[in-house]
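Record features, source Swiss-Prot:
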BINDING   11-35  NAD(+) binding site
BINDING   S145  substrate binding site
ACT_SITE  Y158  active site, proton acceptor
Amino acid sequence: MYTDLKDKVVVITGGSTGLGRAMAVRFGQEEAKVVINYYNNEEEALDAKKEVEEAGGQAIIVQGDVTKEEDVVNLVQTAIKEFGTLDVMINNAGVENPVPSHELSLDNWNKVIDTNLTGAFLGSREAIKYFVENDIKGNVINMSSVHEMIPWPLFVHYAASKGGMKQMTETLALEYAPKGIRVNNIGPGAMNTPINAEKFADPVQRADVESMIPMGYIGKPEEVAAVAAFLASSQASYVTGITLFADGGMTKYPSFQTGRG
């Protein structure tokens, strides 16, 4: 646990499910004030809010589409209005849908790029704007993927969004380091999240993925949440412009480098 995270105001996009929910609960355990953004499932968001509060934190929920500029502006401003400030912005909302590249529609391409990359840019921009205007040494954490560095069949749009995020994060980190604002990525590998539930329910597919992970198992959302808490804490005060991979060593596995699909 990180005592300096108590009462910090943390905004998490896509915070009602999967990795976002795990991070929300972890910051609740740290007694932070958590702003849970959700897209359309209010019941799920309310459940996440309750879980954060039961863990020891405070929480509010804010509906919004991260691809819409006005929604992201509202999200950040609501956090500031409700809790008085902003300390940590976690751009976690993301989508993926494997499609053969020659069959990928422009609408599908745009949906993934707009959600994963543009959404993260908007969240980063609004948070950094507030940090700069108020002389706050704030923290931005973007949820990337092992695919920011590893190509993968059927994921051209997703890999492009994460590769773009890598350069965006590094550029922002360099630009705002003199102001004490830190910007980092987390790069999860294969995770036990709702988006992967159907795939990993198949023993054959699960075993195939596990065979590419040196540590031998599919990651838990709580393991990514632990990385987020570290990066948000003062223990990571000299860390900026990196991607911290939580992948069980997957990016180092030789066959993974070939883009097995």
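In case you wondered, yes, glycine gets a Cβ from its N, Cα and C as well.
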Rounded to the nearest Å - Cα separation of F27 (NAD(+) binding site) and S145 (substrate binding site): 21
Rounded Cα-Cα span from the residue listed as 'substrate binding site' to V11 (NAD(+) binding site), Å: 20
Nearest-integer angstrom distance between the alpha carbons (Cα) of Y158 (active site, proton acceptor) and S145 (substrate binding site): 9
Among F27, Y158 [recorded positions], residue with fewest other Cβ within 10 Å: Y158
Chain-internal residues, separated by at least six, CB under 8 A from V35 (NAD(+) binding site): V9, V10, V11, I12, G15, A59, I60, I61, V62, L75, T78, A79, E82, F83
Structural state of L19 (NAD(+) binding site), classified by DSSP into three states: helix
Spatial neighbours, same chain, of E31 (NAD(+) binding site) - Cβ under 8 Å, 6+ residues apart: L5, K6, D7, G56, G57
